[in-house]
Amino acid sequence: MLSTLHPPRSLTLLPLRRFHGPKTIVSAASTSPATTTFDAASVSPPQSQILNTRRSLLSGETTASELAKSHLSRIRLTEPQLKCFLHVSENVLKGAQEIDQRIARGEELGPLAGVLIGVKDNICTEGMPSTAASRILEHYRPPFDATAVKKIKELGGIVVGKTNMDEFGMGSTTEASAFQVTANPWDLTRVPGGSSGGSAAAVAARQCMVSLGSDTGGSVRQPASFCGVVGLKPTYGRVSRFGLMAYASSLDVIGCFGSTVADAGMLLHAISGYDKFDSTSSKQDVPEFESQFLSVDSLESKPLKGVKVGVIRETIEEGVDSGVRSATQEAASHLEALGCVVTEVSLPSFSLGLPAYYVIASSESSSNLSRYDGVRYGNQVMADELNKLYECSRGEGFGKEVKMRILMGTYALSAGYYDAYYKRAQQVRTLIRKDFKAALDQNDILISPAAPSAAYKIGEKKDDPLAMYAGDIMTVNVNLAGLPAIVLPCGLVEGGPSGLPVGLQMIGAAFDEEKLLKVGHIFEQTLKGLSFVPPLLANVA
Amino acid sequence: TIQPNQFTLLGTALFRRRKRSSNFSVRCCGSQTATTHEAKQTSQRVAPKNHGSNKLDEILRDYEAVIGIETHVQLSTFTKAFCNCPNNYGSHPNTSICPVCMGLPGALPVLNSKVVEFGARLGLALNCDLSLKSKFDRKQYFYPDLPKGYQISQFDIPIASGGYVDVDIPLEFGGGHRRFGITRVHMEEDAGKLLHSDTGDYSQVDLNRAGVPLLEIVSEPDMRSGIEAAEYASEMQRIVRYLGVSNGNMQEGSLRCDVNISIRPIGQAEFGTKVEIKNLNAFSAMSRAIDYEITRQALLYNQGQADQIVTETRLWEEGAQKSVTMRKKEGLADYRYFPEPDLPEVILTQEYVDSIRASLPELPEAKRRRYEAMGLGMQDVLFLANDVSVAEFFDAVIAKGAEVKLAANWIMSDIAAYLKNEELSINDVKLTPQELAELIAAIKAGTISGKIGKQILFELLAKGGTVQGLIKAKDLVQAINGEVF
């Protein structure tokens, strides 16, 4: 892996400024309250990298090749410490040159022209390694692009490489990758979250502009929160799953990371829509999100007047770090200041979601991972007889966490246990859907923390799976209900060299990503005094 | 563009075959020892019981066999059940495959709507109730011919259930009319095929058949003899051919029957221990295999060794005319069924069901009753209704005004003999129903003699033309009353 990367030669190659306005990196206040305030009043709102790229390419201010080169060199510099990528494409520059040639010829450009995109390793990319960070698929190169990747390429986007993840999406730290541990750009001793930790960290570290992840129980949203980037989990069925290596088919969605709400939204727009290769993809119209991403100057004083926001009571009770709780409360106040009507709302079934999720996800995964048998592709251990071939290929190919979930799922689906586990979990799922429906009938959006804590230390929960699973409590219910949600940075808490980001989760009604993007964008653009560029970058620069 | 491991065929040198039956608890491909000596599997006749002696007859008289059949019908759709691969029998190994039917990571199934249509057609033809809302489930087990590690099937809600089928037992086997219950019809996908090396050192996987659509028909345990079972299976073949949902070819594996047999002393209500028999490649084999099994079980009962009748799967060996143990089941296999999350529910509207029902052709049973009402004997009825093409030909000849009995005779004797000799189907010959009707009329009118009629018939079969044309060309007009026409 990473054969194309070289050790850093020079630190002067980082053109950080072009990609992000503020050079000033805020430092966490040394005193509590944990939610810190900053004196960086000069921090300007973050700008969309996709829109900036489009603007600067069209104006001739820069070229796609320059953008690609600067990102590749940033990858070279930061990757030895961060380890976000399992594979970096050899064709990035070539792709960028093609865009430049198109510009030179005056041809029309796709909306993602020149945009550098990281793709989670469980999303198939034709001819490029796609392993889901599992030994069982080591060196596997799919013969086709996932529909989402195909759409990105058609719109001019350039796939930078494949990002690290927990094996098959099973984990919340990216430590369960068979190949490497990714570090959090805010503090290299901490996890980036997971399972899409590589995609989140790569965007946070500006190694790429945006990235694709997948979210089965929070795998886009929780790492977004840990890395201080925007993570968007669309409605189930909004984006085709064709080419996404299945973990839990009824929960899996491909999601988007960006450093701004606008970037995540525009990437979502690019990959959304019905796909005849995925019978569970939806024929619902995909609205034009871009009009929501107005400049902050054009906003009135109460731009979100009348928007009803429900704070999910169960998510700000005990078990949630005080810093996270106060960041959420401050976010609620900020929304109120923007004109929202904020009330508390209760989801009585909330606590049932986590066990139901682990039963359903494990059950489906035990089935979905059966195809990795060493017979047709991937890791095969030669054996004298069939069961041995299965046993050795799977035994050596799968990691510990994957094996545990396959065993749990196999157990839950077994005759005599099905009713007690799988069927009951499905009943809980119905209950959770109903509760969300009721809450969303009363409110436009619901908010909660994205995770009970900020990023924790590498190794901290490695041997305590239950503690790690418990960290998914904020996000799994949304997957069970199939709803869209966005996580965006809302504050910093103490920790690391200069504070750790905390994300706010906004949950919307099915197929109403538009509202989430609108509220999220305005929230982001008006969140004064906070910047979410990790210090690692500032230090390197 | 697909790059599997570097073996000749897709897949891999898998495993040695020794210890095969004991180690592989999941499943065996039933077609590996294909016996292909049946000349025409269309024949509805089955061999009579091979009663060894009067003593055996006496023993058998004390027991009743209970027989149920699971029939797998391969559907003749253009493409596979869940992908766009062509559904071609006999292609070069692994040439009709794609990421979906190979079970590549990230590939998803998309249901071919023809499968639902065919399922509904067969369900209605078997007098079943259709489920307006059914679903797919995953049946999970590991075997190298099953790329995904699960088969997409239907578990608790099949597309059709609760039907029956009527058959007529041929006179030589005692005759009579029987009605056998149909428990259910469900949709599923076929698995691939294992090709074992001559040395037995390795096996290879051919996935051309993986994902080919199947309908599985489960009967009630209503059959009581090999003859009844063979008649049931043969009626299934007729029905799928009448409906055009399958070619029903047993040799190619398009129609596969697994038979479950138990026996019990006459008068006992509980069922005995059930034994499954596989590898039945012809109706005659089915009949003989069942009678063999009944005898085997009856003898064990009779010798006080009923405990040696165990739940097992036995393989019929056509060459040796006996069955052998393939695997003994230790308890029930747990397939861990659960609803297939990649496919939405299958919803049928009442209008759709009505339109399917309206489009059903006249089915074999209706045809037989109609022919019977036309005054034909049961032997004629069974012959004519057996093959849908023959029946259609016969109906067309009648429609042209030919006399029923005469038309039946011509078709069953000279035409049938010709078809058999030439190995043709009635659709292959040049003779049209119109001309056969003309021929029959010409003979009846005395224009030509029966003998001349036969000559003309063979001309018509081989070369075509018209009766009138041939009579003129060959100057075959028969002198009647001394006059020459």
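Placement of Cβ uses the backbone N, Cα and C atoms for every residue, glycine included.
Nobody curates TrEMBL annotations by hand; they come from automatic prediction.
Listed in TrEMBL for this protein:
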DOMAIN    A:67-517  domain 'Amidase'
ACT_SITE  A:Lys120  active site, charge relay system
ACT_SITE  A:Ser195  active site, charge relay system
ACT_SITE  A:Ser219  active site, acyl-ester intermediate
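Separation of the C-alpha atoms of A:Ser219 (active site, acyl-ester intermediate) and A:Ser195 (active site, charge relay system): 5 Å, rounded to the nearest whole number. Here the Cα atom of A:Lys120 (active site, charge relay system) is found 9 Å from that of A:Ser195 (active site, charge relay system).
Each of the active-site residues A:Lys120, A:Ser195 was scored by how many other Cβ atoms lie within 10 Å of its Cβ, and the smallest score goes to A:Lys120. The Cβ of the residue listed as 'active site, acyl-ester intermediate' has 37 other Cβ atoms within 10 Å, all protein chains considered. Look at A:Lys120 (active site, charge relay system): DSSP puts it in a strand. Confidence annotation: the domain 'Amidase' (A:67-517) carries a mean pLDDT of 96 in the model. Secondary structure at A:Ser219 (active site, acyl-ester intermediate), taken from DSSP and collapsed to helix, strand or coil, is coil.
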